[in-house]
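Quick look at what Swiss-Prot annotates:
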BINDING   607, 608, 609, 610, 611, 612, 613, 614  ATP binding site
């Protein structure tokens, strides 16, 4: 395209667009942001705005679309949610200041990971940007949140990368534009940067300059050992600088994170436990949504962070527990204060990047005064004492803001009325001139009459000649020497004095001068506030922590959560545990025990579909997770030993993008667990092997269960419909059979959701199908076919060879028939036991008792 064939304004646009080819350019023209050419076409489609034309280029109409300046945020929010980045190009020159178009430049770039405007952010979600820098052995990660000032780095490996990204929930990911860039399994927006931007040397230079240090050892980073992490952190910091058009001043140091700090959870586990998102992608009901009673958005975000980062450090957990206990008696007064607290964390971020608004400062002022009033009595909690000691430190900032900012300032700085009265004498004078000009004129008139003795003297104003002193013709010749003639009339003369001229200049320009001075003073206030950012961030974190801890305290009281105990030996003992989410969704929830220790490491869980197996397993994992956040747990009592990680393999779906079937996804997740599980890991396995043929699935499930028992020795909850596996406790003392009970009443079934010892008697699949609404004809056909299969299995059961053996540790092929037949025997024993268990002789009439006796006799014949 030829620039010479278009207007100067369009030439300017094309020059700016050439520097931002991968972004939409919002080009400020008066009260609109305009988009041109391909940007206009794309924006019109994404935002459903009108596409029009303006002028021509090379004989082709130039396509154009626009959004109003005052409503730009809502359009930016929509674009960012779609993963788009937008360059904001503002008018920075004076209109009509010279020839050609007004000067414009890109003042910032809005990307999914670098948002600070409250209108573009979810109140309860942390917005992070992550940089990924790979080498042959390791992958360096660095992530930051411009809203909180978080800035961290970590070394990881390729097989753990996607799990780390799932944990961090990145809004934007920076990758080197090279062949060595790792493959990601994430929906987050990916931004490609030149590979040289991830160079460790350049990264270390930028980071040391930013933090004002000689090297990064003080942050735990060695230039050789952590080279890829340093490269990632440098690329990230530089990207933030370029997009914000300034170097951020609020990044809270650079910390090195390690696996030993938190209980590990892979991406599948976070998804299956529905911590902050349901399996269907919704925000509720989740663990977070059910627990979140926080009074502040800062508290809600910290709660989500704690849930995704359960602690390993027992001392830190106990400190939180002590705080929760101490807050039980102080919850109400604390909530009264917290409910009045604004989002200090995000206000501080906007101050840091220079886009804070007047009402941000007013909210900050009021919040700091409110925090200073929090007076927790002697708590006995060292954590609470530390937190409450932070708030008085910000009182000087609050006092400064009280002096500087109006009690209720305007929304926009351009409207004035932002800087408080008495803060600056010149501004007060300009306002006095604007608001009290008539008083000045009357005072001047009285003063001049007294000075000159001229009785006809009047001080007046008109739009043509401005301010003047008018004297009658007879007294005009007596005017003082400092009176300068301005206009001669038939019966009067008009004069101007230096004092009146100065006043005129002030009045005529007072509004513009006042607005300009207010902007200057406001910028000065922001500059001073930036020096207090560490204190503001500290106060925000303390307020958020108090909010979460008080929420934990309320949960303990309102929902009967108890303080879990921690042991140094392997154990998961839970008395009457409850699922924290499900119990809030149903009228009555059946509580259940859990007992795992060094003697019983694998619970083989059987029972009907809809019986509650998956709920029970998730319940155990969530109780363990909550205990390690410092929260009390939904149970009558709980004792938990050392836990490093939680793994789940519950449900699956096709991964069409990677050409992987449901069964392949299941096996991949299972393989990861078997390779990584240790004695201090909790494993949940739900119906492993169901996606293939019966014998294949059974053989795999058997081998996986044995691997968990013999090799991994993890605490495992293993739910299955393969009743043939229920023999395992006979071969392995560390395995125990448990089942979810159900009760048949005629042709109906009642799920008791109660964990009981031993294997289940049957799966009740047809009964569940009936509940699902299958046609009666199909149900009858299924029952008939089931009866035939059961009879055939009983009739064709072969005599066991006395030399049949179980698979050995030396790698022998498993004798599937052996454990199938043995399990069938156990299965029929379970049926008889269940029949007897459900029999109540005292409630039977003689005829009913005789009928039950014949039924039991027939049942015995069928299994003999």
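Cβ atoms here come from the backbone N, Cα and C positions, even for glycine.
Every protein chain shown contributes to the tally, and the Cβ of residue 614 (ATP binding site) ends up with 21 other Cβ atoms within 10 Å. Neighbour count (other Cβ atoms within 10 Å of the Cβ, all protein chains): 23 for residue 608 (ATP binding site).
In sequence order, 613, 739, 740, 741, 742, 760, 763 make up the list of same-chain residues 6 or more apart from residue 607 (ATP binding site) whose Cβ falls under 8 Å from its Cβ. Sitting within 8 Å of the Cβ centre of 607, 608, 609, 610, 611, 612, 613, 614, and not among those site residues for ATP, are the Cβ atoms of 740, 751. All protein chains shown were included, and the count of other CB atoms within 10 Å of the CB of residue 611 (ATP binding site) stands at 26.
Using a 10 Å radius centred on the Cβ of residue 609 (ATP binding site) and all shown protein chains, the other Cβ atoms total 20. Close to residue 612 (ATP binding site) in the fold, though at least 6 residues off in sequence, lie 590, 740, 751, 753, each with a CB less than 8 Å from its CB. For residue 610 (ATP binding site), the same-chain residues 6+ apart in sequence whose C-beta sits under 8 angstroms from its C-beta are 751, 768, 771.
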